Amino acid sequence: MTDSTAPASSPSRASSAFSAFSASSPSDDALRALPKAELHLHIEGTLEPELAFELAARNGVALPFASVDELAAAYDFADLQSFLDLYYATMAVLQTEDDFAELTRHYLRRASEQGVRHAELFFDPQAHTARGVPIETVIDGIGGALDEAERDLGISGGLILCFLRDQPVASADRTLSAALTRRERLLGVGLDSAEVGYPPSLFQDVFARARAEGLHAVAHAGEEGPAGYVVEALDLLGAERIDHGIRSLDDPALIERLARDRIPLTVCPLSNQRLQATPDLALHPLHSLAEAGVAVTINSDDPAYFGGYIADNFIAVRDTLGLTSAQAEAYARTSIDASFASDARKAELRRELEAWRG
Ligand SMILES: Nc1ncnc2[nH]cnc12
Ligand SMILES: [Zn+2]
């Protein structure tokens, strides 16, 4: 793999020392140390089997599996829906504010070890309120752990409330109203869950209301669904980033638009492999999107289920598609640029990236 596949923002310098660094293949440790922003991470998707069983026992919730090993063995998915069925069933163990805080603490500790310096966490409140868990319990638990991580680990970040697109629009509307009691905790809103048959257009009004509250807007689109859903997410929801978006490649005009308007795609290689959104990681379109000038970032989606956290995704990309140090740095820089961090925080993170290069 040569530098010709580097993302558009990849640096170029004349010095031979830099060129040697630039073309080298980074070690696992270097990829873990690479300062980066995680922009596509469902906090419920970080629930590891061990913690799921611990919380099940603590809360008296029955899991439909006899052991940690039996649960882990079920992580063999044919598509998005087969994953979602298990994902929603397992998260029933999350009941109290403490449970949500503990889940988030576990994730942020791991994220820190994987070089995450800024984390924008998706959460699915409707999956919890439907079980009788108040939305304040969810937001206060996750938000409290984020505050601790800022203090103890130096990780900045925030929360993005995702509407479940396979639930009625009226439920999304009620969820937004309820969440606005914690407005200061929210960075933005997103759209997730089963995609095909649930176009973004359904959620135009609720996204307009969220944007009027000053919230950022992102949306899953083009994971399993068509490129047309990406266009709808941009035109009708005002999405500032597209989560996944890999099917955009089916529409050359859309690719041109994404590149021209610098609309980031938060891509999740291991997820796409595990959910068969891409037939083989070696054929993943990550670098093709970057070569087309699209602002692409590497993320982990639901790492407890898909075999790896964010640095593991970088490592898997290196081992299958190839990844030079310059490319890794460029993907990390794009993640900082595409984040909703303040300009001051972005400047700090870019300095950390410079220091990583050495
Ligand atoms: N990959 C994914 N796509 C859509 N909804 C999700 N919820 C959690 N993970 C998801
Ligand atoms: Zn996702």
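Quick reminder: no glycine exception, Cβ is built from N, Cα and C everywhere.
Among the candidates His118, His216, His220, the residue that TrEMBL names alongside His40, His42, Asp301 for the Zn(2+) site is His220. In the structure as shown, the Cβ atom of Asp302 (substrate binding site) sits within 10 Å of 24 other Cβ atoms. His244 (site 'Important for catalytic activity') has His220 nearby among the binding-site residues His42, His220, Asp302, counting only those with a Cα within 10 angstroms of its own Cα. Across the residues of the domain 'Adenosine deaminase' (35-355), the predicted structure has a mean pLDDT of 98. In this structure, the recorded positions under consideration are Glu223, Asp301, and the one with the smallest number of other Cβ atoms within 10 Å of its Cβ is Glu223. Note: the Cα of His40 (Zn(2+) binding site) and the Cα of Asp302 (substrate binding site) are spaced 9 Å from each other. According to DSSP, Glu223 (active site, proton donor) sits in a coil region rather than a helix or strand.
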